[in-house]
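Sequence annotations record features per position, and here TrEMBL assigns domain 'Glycosyl hydrolase family 13 catalytic' to 24-352. Sequence annotations record features per position, and here TrEMBL assigns active site, nucleophile to Asp191. Per TrEMBL, the feature active site, proton donor maps to Glu216. The domain 'Alpha-amylase C-terminal beta-sheet' annotation in TrEMBL covers 353-411.
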Amino acid sequence: MGVLGNDQDDGVQQSQIVLRNGKEILLQAFNWESHKHDWWRNLERKVPDMAKSGITSAWLPPATHSFAPEGYLPQNLYSLNSSYGSEHLLKTLLNKMKQNNIRPMADIVINHRVGTTKGQGGRYNRYDGVPLAWDERAVTSCTGGRGNRSTGDNFNGVPNIDHTQDFVRRDIIGWLKWLRYTVGFQDFRFDFARGYSAKYVKEYIEGSKPIFCVGEYWDSCNYKGSYLEYNQDSHRQRIINWIDATGQLSTAFDFTTKGILQEAVKGQLWRLRDAQGKPPGVIGWWPSRAVTFLDNHDTGSTQGHWPFPSNHVMEGYAYILTHPGIPSIFYDHFYDWGNVTHDQIAKLIHIRKEQEIHSRSSVRIIEAQANLYAAIIGEKVCMKIGSGSWCPTGPDWKLAAHGHQYAVWHM
């Protein structure tokens, strides 16, 4: 046990260093269709390119047994044979990632769990015959169990886990420690974080000590009909409250920035400066805990619930890869859209690293009008997006990257 203890001490120190440095570049390494494509083997072949491109952490799809092939209806949490591949292929992938200094991020789906047997009320709300053989007390009363009411929003159509139960939390922490120290995941992404109180996320992080965490706290931006309101302060405040309630131990996806940026690039770039002159998303208020992204397996991919406009994707990356926060790249853009897009994204990552832009870098917004946004970041990098033309003044700026409606300079 001594070695495990040291590992855990290292984990705490490493996580503090990672958040303080703010140098992470994440990759969401799957989409909604990945389970059809021998995924662990596919990713293993791409690890060297991820490393060369500067990815520090790759978020993998849920690796445990699930009722649905995408992985988001878990049942036997201790089985690592999934539609993405066998346990053996997963371990091979994790080893390859470690050799290349890319941290594997596990998708932690603990808001809900599909029952194995019928219990009280004739509902599938028991877990007999598999590890973590919980009874109806583990399921919230609002979703057909004998537990307490949910401490968050319900995920409909499936038993929601009652995190107020001591035995449930003890078992979840045991499982997270197994993922962390036996399986070899180093980072965690918390699925459907609106579903249970953030104080439990804090307890789970303290109990399992991942190096880096991000939560999916996704609720709707402020709209008037289909028109996105300019002021999204209440939206970003809700995300910030969630981060705060995790004891500041987790970051959160910056859904506010996504919602604003994907409207802004359609000729409304004035949206990218808030009333205080700062970036209007979570990155404007708490950048060291904000993970910026353009699309994920829900918003984009074949689900397309809230997609980023495809003809403006490189402008989007020019924004998130030069700005504060912790940028995350979507698999589809990086690996399915062809070499030109891949290489443009990789070039922006390279500039970010070379110029030492980090999650807390300063931003001076120079222009924010309908067709032009320009900013200086960390006093070392400047950029513009939009159809309007703009160049930085002064002889020291050198053009470092450019493409459709974007350009980046550095000193």
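One is the number of the first residue shown, and numbering goes on along the chain from there.
Each residue, glycine too, has its Cβ placed from N, Cα and C.
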Residues satisfying Cβ distance under 8 Å from the residue listed as 'active site, proton donor', sequence separation of at least 6: Arg189, Phe190, Asp191, Phe192, Ala193, Ala252, Phe253
Per-region confidence, the domain 'Glycosyl hydrolase family 13 catalytic' (24-352) (mean pLDDT, whole number): 98
Count of other CB atoms lying within 10 Å of the CB belonging to the residue listed as 'active site, nucleophile': 19
Number of helical, extended and coil residues in the domain 'Alpha-amylase C-terminal beta-sheet' (353-411), per DSSP: 2 helix, 29 strand, 28 coil
